[in-house]
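Q: Could you have a look at this structure, given as structure tokens, before my questions?
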Amino acid sequence: MHSKTLSLALGFTLFPTLKPPHKTLFFHQILVLILTFLAYASFHASRKPPSIVKSILGPTIESNSSSNDTGWAPFNGSEGTRRLGELDLAFLLSYAIGMFFAGHVGDRIDLRLFLVFGMMGSGIFTIIFGLGYWFDVHLFSYFMGVQVVCGVFQSIGWPCVVAVVGNWFGKEKRGLIMGVWTSNMSVGNIIGSVVASGVLEFGWGWSFLVPGVFVIVVGVLVFCFLVASPDELGFAIMAPGKEIEMNVEGENEGNLEKVESEEAVLLENEDSDSLAAIGFLEAWRLPGVAPFAFCLFFSKLVAYTFLYWLPFYIRHTDVAGVHLSHKTAGILSTIFDIGGVFGGVMAGFISDVIEARAVTSVTFLLLSIPALIFYRIYGSVSIVTNIALMFLSGLLVNGPYSLITTAVAADLGTQDLIKGNSRALATVTAIIDGTGSVGAALGPLLAGYISTRGWNSVFLMLIVAMLFASLFLIRVARIEIGRTVNEGKGLWSSVTTS
């Protein structure tokens, strides 16, 4: 079903002045960015509570055994950290598997309704996890089952929001636009950390209830006001490389500018091409998809290990000789995500300037290795050094992760080889982020097991992962450098001619 045949969001019926010609294309692009930003930020906010409550649910700190920390069965025994790691695996593995199917489905149905479906399910099951506190649930199978279902609903979010943004924006300055936009992940993590930590003193169940409600409320806004494709409002992309202009449709009559007859024919041909959604295996064979997908496997392994274990690590590692409280550790962990916001924007901007996504990614990945080493060695010296090195690590780790999951995925999903087939975007996005999500599932699980041998082993795992992530992009980076030098484009031309 093509998006033109779909009904417009409810909010445009209630507020008809939101339609063209009352509101311009630029207004609707900003509205789409805001709504998709909030949507995915709410997804990530609801993922953060498990990492915040780990130190409450899990084994107590031996050096602080006099505290009131008693843990929560079945996570407070000698196998507690492993079970918490298995809980992360349950969520992230179902998320990774669901991602592949979500992208395939998202290319074929109403993206807005599919996104709302995922948001509502995510919110409900996040709340159900928290209900285990009030109903005094201690069954490991209960928490595992809830996380599996929640992971499936969460997998719907990313392919949908990337596809929607890709529909509304061309490739010009896509890296910078999506670099700013993709801070939704880090902003969501920050919101989730602050909220979950703030209500933790009332009981760990509240740390799930509030973010769950947040997802549902944002889902209502998305249902009412999100427009998944510009042609639903009478806008259309005329041809690759051209700006989005108004398309003549019967319902807009004399209110819209008329397009030339040749352009109208071109648009019709493009629409017919985009009706056929690309196959899963065909998408895998597209140039650049596999290298970036496997790079993201290792990059996301590191990012999600921090996402799920950083508050626990801070809580169980003394800073300047002092163990921080649960609340302080949770709030302090947001520094990593704040660094991630700057990293995503910086990576997007740099990749636009030098016109080389792989080169930018490899540079960030290699620089992250010494940053992780310094954080492990010197992070416990003082609060100041901990914050500074955590910020730098977040910037370098999340920079390429954000770039690959947004601008790179959108580039690969709309490349000339598939003639701008708009139905390929969600599939390609799902392949790249789905592969990355397998790594995201593996990282926290390994951290849960390896941390019992000491945190040095965990950091060694993270460093090796970043090294492998960079190796997968070396060949693509060399091709980018060769192309930009030969064509005399971007920053490389000024470097070679100076």
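Positions of Cβ are set from backbone N, Cα and C atoms, glycine also.
TrEMBL annotations: computationally assigned, not manually curated.
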Q: What range among 264-285, 330-351 does TrEMBL record as transmembrane segment?
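A: In TrEMBL, the transmembrane segment feature sits at 330-351.
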Q: Are the transmembrane segment (425-449) and the transmembrane segment (289-310) close enough to be called in contact, which here means at least 3 C-beta pairs under 8 A that are separated by 6 or more residues?
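A: Stretch pair touches.
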Q: If you average pLDDT over the domain 'Major facilitator superfamily (MFS) profile' (34-481), what do you get?
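A: It averages 83.
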Q: Would you say the transmembrane segment (89-106) and the transmembrane segment (383-404) are touching, if the rule is that at least three C-beta pairs must lie under 8 angstroms and be 6 or more residues apart?
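A: Since fewer than 3 Cβ pairs under 8 Å link them, the transmembrane segment (383-404) and the transmembrane segment (89-106) do not come into contact.
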Q: Go through 25-43, 289-310, 358-377, 455-474 and flag the stretch with the largest number of C-beta pairs under 8 Å relative to the transmembrane segment (176-200).
A: 25-43
